[in-house]
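The active site, proton acceptor feature in Swiss-Prot is assigned to H363; the stated evidence is sequence analysis. The UDP-N-acetyl-alpha-D-glucosamine binding site annotation in Swiss-Prot covers 9-12, K23, Q73, 78-79, 101-103, G140, E155, N170, N228, R333, K351, Y366, N377. The Mg(2+) binding site annotation in Swiss-Prot covers D103, N228 and rests on sequence analysis. The acetyl-CoA binding site annotation in Swiss-Prot covers N386, Y387, S405, A423, R440. Among the features that Swiss-Prot reports, region 'Pyrophosphorylase' is placed at 1-230, with the record citing sequence analysis. What Swiss-Prot records for 231-251 is region 'Linker', and it gives sequence analysis as the kind of evidence. Residues annotated as region 'N-acetyltransferase' in Swiss-Prot: 252-455.
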Amino acid sequence: MTKRNAIILAAGKGTRMRSKLYKVLHQVCGKTMVEHVLTQLEKAKIDNIITIVGFGAETVEQQLGHRTKYALQEQQLGTGHAVMQTKDLLANEDGETIIVSGDTPLFTAETFEKLFEYHEQRHAAATILTSIAPDPTGYGRIVRNDVGIVERIVEQKDATVQEQAIKEINTGVYCFDNKKLFAALSKITNDNAQGEYYLTDVIGILKQENEIVTAYKMDNFDESMGVNDRVALARANKVMRNRINTHWMREGVSMIDPETTYIDADVKIGRDTVIEGGVVIKGHTEIGNDCYIGAGSRITDSKIHDGVKIISSTLQEAEMHNGSDIGPNSHLRPEAEIGENVHIGNFCEVKKAYIGEGTKVGHLTYIGNATLGKDINVGCGVVFVNYDGTNKHHTNVGDHAFIGSNSNLVAPVNIAKDSFVAAGSTITDSTEQYDMAIARARQVNKENYAKKLPW
């Protein structure tokens with residue numbers, strides 16, 4: 001197999017996006033468009049990848065890191081000019097080079113591999129990736145002769161009525177013999193209405209030189225979808241979302257309503273997990289086997305182990321261990337770690353805290369900056385008072401402790417194992433094992449006093 005190179009065109013600003021964010025950095029299912037392209041090229045085992053940057057160069061480079069080399073296009077003078085900027089990095093290389101836009105996030109590694117194979121088998125100088133468009137309006141058309149050989153690419157504005165009826169379109173992806181690509185680039189001019197150097201002119205030059213120019217027709221038109229505005233971005237998200245959901249269902253995940261299930265590209269989900277409608281799973285979340293994710297849940301960058309049940313709750317950078325459950329309407333914030341077989345009920349919030357195996361936190365509770373041991377009962381309305389107005393402080397609760405309803409644990413404080421906090425207490429001092437802490441005023445009943453009250 002010959003050496004394979006790739007060029008990603010990512011220098012455009014994308015004014016039609018109407019955004020301060022550079023076009024290729026807009027996200028599709030939780031990953032920037034240009035990163036989608038790069039990931040698929042990596043999967044296709046490309047030897048050498050160069051990304052052409054322009055507007056927002058530093059931001060793009062920060063996003064992609066060392067996964068690719070970079071070439072800078074300081075002036076936006078067309079796609080041909082962009083590829084010329086890779087001359088120092090690529091012109092002397094042997095092999096084949098694929099060129100793809102950074103705003104086409106739906107292409108797959110399989111398509112890139114098939115394009116390379118088709119190109120190499122025919123010993124072509126250039127191969128155009130084409131597709132059949134249901135509505136080809138706006139696309140360049142592929143004009144073939146009577147025996148199916150590619151004659152030229154004609155743009156919409158230049159096409160005759162007969163040519164406009166052609167449904168085979170140019171997807172904007174090309175595979176070139178690398179040496180012949182750069183030889184032809186040296187011959188293109190900017191003698192056109194836009195004053196730009198067009199990559200498509202390379203095709204014409206190669207045809208004039210009687211080089212072999214072919215076209216590989218891919219099956220899935222959706223892959224070729226480019227994103228130039230927010231409408232197209234929404235469409236791309238929908239296509240990618242369907243692809244992601246279909247993948248996980250085929251891997252053994254049940255989705256009650258895939259149309260309303262939103263899963264990012266880097267999420268991982270185990271078998272026999274059930275996901276209800278209206279669920280959003282983002283970032284690098286990992287979900288184990290046999291989990292149940294209830295309607296309306298939102299999970300971001302969290303790790304969910306096997307057999308976990310989440311009902312209408314929000315998790316951010318949290319972890320839930322085997323057999324634990326939460327919800328409805330509770331919130332795990334960053335650095336919350338829930339141990340095995342822990343129950344977190346409704347309207348609870350946990351932040352920067354560890355809750356040990358078998359502990360139960362039923363309802364209406366805030367736990368922040370705390371470590372809780374095993375088999376603790378936390379009653380309704382308990383507040384871990386962690387903030388003194390300046391600093392956050394830590395609370396420790398030992399194994400088998402009992403925290404009565406409507407109690408406040410004022411940090412820093414240590415509730416020893418096997419100790420008991422009476423309901424309604426405000427605890428400011430630590431306890432010893434087997435202590436029962438009561439911190440509330442003694443009740444006084446004043447006879448007949450209610451008769452004096454105005455109500």
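Indices start at 1 and increase along the chain as displayed.
Positions of Cβ are set from backbone N, Cα and C atoms, glycine also.
Residues 17, 26, 28-29, 33, 36, 105-106, 222, 225, 258, 261-265, 267, 269, 271 of the same chain lie 6+ residues outside the region 'Linker' (231-251) yet bring a C-beta within less than 8 angstroms of a C-beta in it. Measuring Cα to Cα from D103 (Mg(2+) binding site), the binding-site residues that fall within 10 Å are L9, out of L9, E155, N377, N386.
If you compare Cα positions, N228 (Mg(2+) binding site) sits closest to G12 out of the recorded positions G12, H363, N386, R440. Residues in the region 'Linker' (231-251) partition by DSSP class (helix H, G, I; strand E, B; coil) as 20 helix, 0 strand, 1 coil. If you draw a 10 Å sphere around the CB of H363 (active site, proton acceptor), it holds 17 other CB atoms from the protein chains shown. Long-range Cβ proximity for N386 (acetyl-CoA binding site), meaning a same-chain Cβ under 8 A and a gap of 6 or more residues, is found for G368, N369, A370, K392, H393, H394, T395, A411.
Other Cβ atoms within 10 Å of the Cβ of G78 (UDP-N-acetyl-alpha-D-glucosamine binding site), summed over all protein chains shown, number 21. The Cβ of R440 (acetyl-CoA binding site) lies under 8 Å from the Cβ of A422, G424, S425, T426, each of these being in the same chain and 6 or more residues away along the sequence. With respect to their backbone Cα atoms, A423 (acetyl-CoA binding site) and G78 (UDP-N-acetyl-alpha-D-glucosamine binding site) stand 73 Å from each other.
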